[in-house]
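Pulled from TrEMBL:
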- 1-357: domain 'Aminoacyl-transfer RNA synthetases class-II family profile' (DOMAIN)
- ASP71, LEU72, THR73, ARG98, GLN114, ASP118, ARG267, TYR271, TYR272: L-histidine binding site (BINDING)
Amino acid sequence: QGTRDHAPAQAALRERLLSSVVSCFKRHGAAAIDTPVLELREMLVGKYGEGAKLIYELQDQGGELLALRYDLTVPFARYLAMNKITKMKRYHVAKVYRRDNPATTRGRYREFYQCDFDIAGQFDPMIPDAECLKIVHEILSDLQLGDFVIKVNDRRILNGVFAVCGVPDSQFIPACCTVDKLDKMPWEEVRSEMVGEKGLSPEAADRIGEYVQLHGGLDLIEQLLQDPKLSQNKEAKEGLGDMKLLFEYLTLFGITGKISFDLSLARGLDYYTGVIFEAVLLQQENEHVEEPLSVGSVAGGGRYDGLVGMFDAKGRKVPCVGVSIGIERIFSILEQRLEASGEKFRTTETQVLVATPQKNLLAARMKLISELWDAGIKAEMLYKKDPKLLKQLQYCEDTGIPLAAIVGEQELADGVVKLRDVATRKEVRM
């Protein structure tokens with residue numbers, strides 16, 4: 001179906017992963033918001049470039065045209081406009097829907113979670129943008145997924161490149177969508193699509209090729225600022241000036257070692273207006289797996305200063321920048337890594353099993369477990385009146401419960417509980 005069920009171990013792994021990402025968002029002062037799964041169809045069309053064909057469209061009984069949300073960014077912009085909010089730092093973790101051909105081995109599904117962090121408001125240039133990149137760096141470092149690079153570009157630089165290469169304005173977005181395929185296709189195929197399908201002249205395509213195959217850091221930005229053609233283009237000059245400022249801030253955050261200014265990065269969404277970025281894993285640590293998992297991009301985002309204005313009756317703009325963490329793709333990597341290691345993954349957080357060694361002690365177990373629950377301690381007991389002690393301890397080993405609180409006839413008489421460390425088998429009376 002292109003959607004999936006999750007066994008307890010998978011669900012627990014996903015929950016731990018989401019918890020790690022959300023704790024990073026909270027550390028940066030973001031507040032949680034939620035928006036409906038259903039949006040008016042007109043709210044979503046025209047915002048996603050070639051991705052628009054993947055929107056799930058619906059019709060309700062009244063004939064109103066609806067759609068399942070495609071991402072969390074457009075609903076956020078609509079929310080800001082409807083509520084006349086001009087400043088907000090938010091995160092949102094929720095499911096989105098794509099009428100796509102699923103590729104489960106690459107973590108691509110029709111229904112999947114997105115984890116978004118966004119900063120909305122009028123601020124000094126590149127400060128919020130730098131924080132979004134810092135968040136991506138923090139999350140990917142914390143999750144220890146292996147080596148990664150965060151590619152950065154700016155739509156204004158791309159537009160400038162297209163302009164000086166002789167691409168008409170009407171062809172900018174189709175050209176963008178094609179350039180964005182450079183991470184999956186060689187330049188020859190991208191060039192062929194530009195000329196054959198998008199209608200660009202071979203000369204324009206060749207000139208674009210000279211730029212979009214460049215990548216580097218501050219040195220490349222300085223080089224392009226001196227470029228005789230680009231330096232004459234207003235949009236490109238603005239974009240390069242902001243990119244230089246961004247790299248200065250990223251240097252202060254100490255993360256430029258993982259950042260690459262990459263002119264091939266285009267991100268095909270129509271709503272981006274400035275800085276764009278995408279995080280890519282460079283290698284997978286799956287030596288034990290015959291076919292290493294190939295997942296591509298694991299995070300992406302950018303600046304979308306015009307999107308809120310599209311939903312405002314008076315066209316009032318609220319500048320925004322945000323990032324989306326590709327949680328399904330990261331989950332696929334961690335899941336395969338866990339399988340390869342053969343490691344047992346705890347499906348519950350139970351701290352203690354309340355156990356009894358003799359018969360007719362169900363009442364003692366129930367009284368003790370009730371006290372533990374009331375005290376906020378995560379506890380379980382077996383649902384049998386007279387379970388064998390060995391069975392109860394085996395359950396602890398199978399599920400990874402670290403402690404067993406044993407209460408037998410002698411313990412009841414002495415007013416104590418025997419606490420057993422399941423791994424070491426050491427016991428203390430308390």
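Any Cβ shown, glycine's included, is placed from N, Cα and C.
Across the residues of the domain 'Aminoacyl-transfer RNA synthetases class-II family profile' (1-357), the predicted structure has a mean pLDDT of 88. Cβ neighbour counts within 10 Å, taken over all protein chains shown, single out THR73 as the most crowded of the binding-site residues THR73, GLN114.
Sparsest Cβ environment among the binding-site residues ARG267, TYR272 (other Cβ atoms counted within 10 Å): ARG267. For ASP71 (L-histidine binding site), the number of other Cβ atoms no farther than 10 Å from its own Cβ, over all displayed protein chains, is 19.
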